[in-house]
There are 2 protein chains.
Amino acid sequence: VNPDLASERQTASFSVEKLTAWLDGGAEQTRLRRAVVGAIERDPVFSRENQYFQSQNERYEAAVRKAVHLQKKMHEMGWSQEGPESKYIYRAVAGDIAFLLHRIFMRSISVLGSDKQIAKWIPLASQYQLIGSYAQTELGHGTYLQGLETTAVFDSTTQEFILNTPKISAMKWWPGDMGRSATHTVVFAQLYVHGKCYGIHPFIVQIRSLQDHSLCPGIIAGDIGPKMNFEHIDNGYLMLQNVRVPRENMLNKFCEVQPDGTYIRRGSQKINYFTMTSVRISLISTEAVTPLMKACTIAIRYSAVRRQSKLKPGEQEAKILDYQTQQEKLLPQLAAAYAFHFIDNYLQELFDRGYREIQRKNFDTLPELHALSSGFKATVTQYCTSGVEICLRACGGHGYSLLSGLPSLYTKIIASCIYEGENTILLLQTARFLVKSFMAASTGQSVPPSVAYLAAAKPRKCPARNKLDFLSPDIYTEAYQHMAARLISSTAAKLQDLIQSGVKRHDAWNQCTVQLAQAAKAHCHYLTVKNFAETVEKIESKAGIQKIMKHLCDLFALHGIFSNAGVFLHDGYVSGAQMDMVTASYLDLLAIIRRDAVPLVDAFDFTDKSLNSALGCYDGQVYQRLYEWARKSPTNKQISPAYEKYLKPLLHNTLSKL
Amino acid sequence: VNPDLASERQTASFSVEKLTAWLDGGAEQTRLRRAVVGAIERDPVFSRENQYFQSQNERYEAAVRKAVHLQKKMHEMGWSQEGPESKYIYRAVAGDIAFLLHRIFMRSISVLGSDKQIAKWIPLASQYQLIGSYAQTELGHGTYLQGLETTAVFDSTTQEFILNTPKISAMKWWPGDMGRSATHTVVFAQLYVHGKCYGIHPFIVQIRSLQDHSLCPGIIAGDIGPKMNFEHIDNGYLMLQNVRVPRENMLNKFCEVQPDGTYIRRGSQKINYFTMTSVRISLISTEAVTPLMKACTIAIRYSAVRRQSKLKPGEQEAKILDYQTQQEKLLPQLAAAYAFHFIDNYLQELFDRGYREIQRKNFDTLPELHALSSGFKATVTQYCTSGVEICLRACGGHGYSLLSGLPSLYTKIIASCIYEGENTILLLQTARFLVKSFMAASTGQSVPPSVAYLAAAKPRKCPARNKLDFLSPDIYTEAYQHMAARLISSTAAKLQDLIQSGVKRHDAWNQCTVQLAQAAKAHCHYLTVKNFAETVEKIESKAGIQKIMKHLCDLFALHGIFSNAGVFLHDGYVSGAQMDMVTASYLDLLAIIRRDAVPLVDAFDFTDKSLNSALGCYDGQVYQRLYEWARKSPTNKQISPAYEKYLKPLLHNTLSKL
């Protein structure tokens, strides 16, 4: 181990192993996680070595190989999809695997299909006698599902639906696993019966032959080409030309077309929201927080090893982690990674409680859950994406090399701001809930717990008198609460004013959306700070963990005030003099947390293989590793044909003869 | 042309052609630019079609082919390196060309070499009898040049320098054109004569045979592998093992080792700063502003074509550009692109004036020029990088496809935050100048023009009384000036206080760096707003150009206040009520500028080929083009071997037999 990294570990103020276990939810979980990750990483099929050198075609092939091998592996190891190991498998393969849409295919049949449909399709899918995908998004439509243009017309003479892509913008576009792998997909289309449109419905459509994988009649499908990342996934396009599927292929738990064309709707569709909610919550941890934790691990370890310029004249060059500006880049990201890990726990609990209620046919928690999952999906993915980018830039030139692992973390996480609901649209959904709740609260109606604070909103002043007061969770949590309530109430007031002055409701809404999105972010920021403070409060003081977590919580909170000073100063709740105290305490904290920065990322417990970074390895031998890895690049495996073709004639001055 | 885009152009409030000519510096320049771009784009060798499908090896080969062909082309067309066409050539090839370091090689010899050295090497280089590179950065050292570890020891018995890479961190790393192409390079190394170290000096070293391109004895060199972008450049590594070069190969305009080992230093080294200054200023336009202009063109045209969801019930789906949140993402970036185009003009003028002075041996303008070039390099590259990212995200899923052109703009521009001086370090250099100037100004000494405002800093209040007052350039320029002066003076005061309280000078500096960097940014932001306002003032009102530029200037200024509210509110210069006026005026401007958004990007006059974007073409046929381009992807050119190897056995349930 590089001595510059070893020395950082000797002075940890807490037990790294205990913090790891606490983050995992207990030492038993840690043991299980390590066992799963170890088993996967020891298997050469799952190796990610050379990944940064691979083409899109090679990445796809490797992802399919891994997905197929994983079935075998799980059988071998006695792991099941529902078992406790499953959440660690995804972490271990680092997302680099095919057939993730196959699961969505199965889930949509389980949720939207009748018992008969489930009995027919789920066994086929579980045994991989078909490969499924999920064809919702079109070239011309993403988030606005009602606008989808694919049609499914019922033909009562043959008892079939005829599916069509009426124009180019109606082509299915982006579905994963569809470009090259899938044999079947769930197509969302506008249902027409006897000329009447009944809106969007799901249909199971076979797209490729089970015998030779050739495209079925009427199907045009392929790969949508290169993307910023996800080279391993065959995101596809699909055009349907008079494709006929039997009546039984419309998923009909909630609605059915009877043989004579009678359309029947049954049951509640609210459960659909619940599916989206569950997906949004589950991606927060795997697709946003984990990548940020990895980026922090890489950047902080590298910053303890990289020495550059002199901090004190006459001494050796300083570790870049000792510069205040470097601390100010990285340590708030580290604090955010912890903050969002805890908010994920909070959301999971809320979700589990909501799920139990729904099983009892009580849908009351749905609006709050929908608002929180939308708002947190948007704010956490946005924050973590910025955080990963900051980590990348903080590593200077070497961060820009793919071998650092940071570019691929960044190009992947940025997609999380777009998929499963574009972030701005999600924030506005949260805002709609907040405005509604504010209106209810101000007329004395009861509101869900997460927005109960809106009832108490009134002008106040922050009581802090010196910089140490700002290390009190009560002080800063209240500042966040006040600020969020003010943004929500003032935007709600603007909306009301516009409507009362004669502006049409939809125009008024549009004219408030910039501020509504800001209010929704403020609400989530407040809840994150509050939840972090409450989490710290609950830790039984063991091995210094509570102390360091308290520092991180303070840092997260004060960084937020420092970086968004305007919204706290605006109505004078925080004064300019108090803002100087915030700044002072914030900068003090950087120097304190810096001492534990390496142990704090060690506690995330990523293996070198899972980081796949020449800069971030546990041993800190960054330069050796960069050199070793670079030599393996295909650009060093061959003399480029460019020499004989262009360089030699140029240098030998024979170009004119060409 | 898509009617949704055509309609945007019919209502332009100004003449696009006249704005283009004004931006180019006259209609004659526009004509010349179009002629050069046209000649390059009509030549199939320069085609960037299929670029998004190419591997690193293919990109490199294409870049070399283009570089070699460009020599021929320039000869054919009668263009010279010094001619008026040259600045348009780079725009036309969109940077996608090899041998850019060859020019730096030549420039460093011209600047650092003696007349004799120039006479020997420059003709060889101009005729491409060698290919040059520039080997400064090492694995372990970037910005801090004094820390470079490569050594050059003078051997008086043979009259040679012996160059060595004493350890792995001393390996040259990153130099462009060096991994595979270069035959020669300028190596920066610590000079030792008779055991004494004289610091960093430049040496011309041959690294590859001119006959067969094999590596010279003692040379280990290769490509550093994949990066986030710049696949076309062979950034390289270089290890030197007792490589001997003759005494004449040390560039010796400013210093010389005589045959007996006597070391002589002569002339001013200040000119070296001037070279860095010139590079930093020149990259602002080509590497930061142009990419932002392209990203705005793509995202704004797409936003006028993309329809999603309904703004008014019962109407057709709305153009996404009609949503306030979309306007708030894109239009401030558009305003920034204009603002930075104008600040680039300002810097160029300042630079030209400085250059004339330097030719008269007057170096007085150097400190200001160095501070401004550092500060603006940092702030403009940072701002433009964020701007390109915002444009990418604003295009939703399709922005994430490489075919949109946005990912490659982003992955390239982000490097500009790192190279030619890491941005944080540059900001701190500017801050050092600002603190010094502030101290001088406050003791009544004269200071350079760009910081003269620091002398007048005092507590005041913003006089605006309603939202229209904030459309007055005097009002907002003064707000920026006040804010910048406050940040500089309060940070200088903190620094003084720390030193007076006994903190050592270097520690005190480190403890202020977060705020110093903020102050430097504020200074550049102020100058950008001031320069934009002055530029608008000087336009003779023609064809509505002044009016729309005034709107953009207002938007740029108010967006900055809205987004950085804290620093304006902090001391009460702007009150909370005034901030509400800023917000109101800012949001009003979005709706006004939205009407001219497409004409404003049309005026940048990028050809479809130079945008290389399926979303950004002039005709707005985005869906057709996405589909056509995707079909050409190599992922659609072959049946993946994954089918026979993995999918077929899986589907046919023969896996267990494998």
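Note that Cβ sites are derived from N, Cα and C of the backbone, with glycine treated the same way.
TrEMBL: automatically predicted annotations, no manual curation.
Record features (TrEMBL):
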ACT_SITE  A:GLU420  active site, proton acceptor
BINDING   A:THR137, A:GLY176  FAD binding site
DOMAIN    A:15-131  domain 'Acyl-coenzyme A oxidase N-terminal'
DOMAIN    A:273-435  domain 'Acyl-CoA oxidase C-alpha1'
DOMAIN    A:473-651  domain 'Acyl-CoA oxidase C-terminal'
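Structural mapping of features recorded in TrEMBL.
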| residue | record | DSSP class |
| --- | --- | --- |
| A:THR137 | FAD binding site | coil |
| A:GLY176 | FAD binding site | coil |
| A:GLU420 | active site, proton acceptor | coil |
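A:GLU420 (active site, proton acceptor) sits 11 Å from A:THR137 (FAD binding site), taking the C-alpha atoms as the reference points. For the domain 'Acyl-coenzyme A oxidase N-terminal' (A:15-131), the DSSP counts in helix, strand and coil order read 86 helix, 0 strand, 31 coil. Take the CB of A:THR137 (FAD binding site) and look out to 10 A: across all protein chains shown you find 20 other CB atoms. Chain B lies within reach of A:THR137, taking the recorded positions A:THR137, A:GLY176, A:GLU420 and requiring a CB-CB distance under 8 A. In the predicted model, residues of the domain 'Acyl-coenzyme A oxidase N-terminal' (A:15-131) average a pLDDT of 94.
The 10 Å shell around the Cβ of A:GLU420 (active site, proton acceptor) contains 20 further Cβ atoms across the protein chains shown. Taking Cβ-Cβ distances under 8 Å and a sequence separation of 6 or more, the neighbours of A:GLY176 (FAD binding site) in its chain are A:LEU100, A:LEU101, A:SER133, A:TYR134, A:PHE230, A:ILE233, A:ASP234, A:ASN235, A:GLY236.
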